[in-house]
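Summarising the annotation, TrEMBL assigns transmembrane segment to 7-33, 39-57. What TrEMBL records for 11-84 is domain 'Amino acid permease/ SLC12A'.
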Amino acid sequence: MQLKKELGLLGVFAIAAGAMISSGLFILPGLAFAKAGPAMILAYIIAGILVIPAIFSKAELVTAMPKAGGDYFYITRSMGFTAGTIS
């Protein structure tokens, strides 16, 4: 069975952003702000900068191996079947 590429730019962006941000963005900031105060904003900015290399790495994998399966496919190709299954 051949998969069809039907997602547009907006759909791909929404899926990627949702996977990276998740629901923690809506729950954890209030708890973090209560403990850390205004320093929490700086912590979020630093964390956002630190995640940029991971975003670019994922983009390279997706463009180098455009296959269905996501992380399972990439991990299986690089580390073997067992690691891919565990992931």
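Including glycine, each Cβ sits where the backbone N, Cα and C put it.
Keep in mind that TrEMBL annotations are predicted by a computer and have not been checked by a curator.
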Long-range neighbours of the transmembrane segment (39-57), counting only residues six or more past its ends (CB under 8 A)
20, 29, 32-33
Under an 8 Å Cβ to Cβ limit, what residues of the same chain, 6 or more beyond the ends of the transmembrane segment (7-33), are close to it?
40, 43-44, 51, 55
Using DSSP, break the domain 'Amino acid permease/ SLC12A' (11-84) down into helix, strand and coil residues and give each count.
62 helix, 0 strand, 12 coil
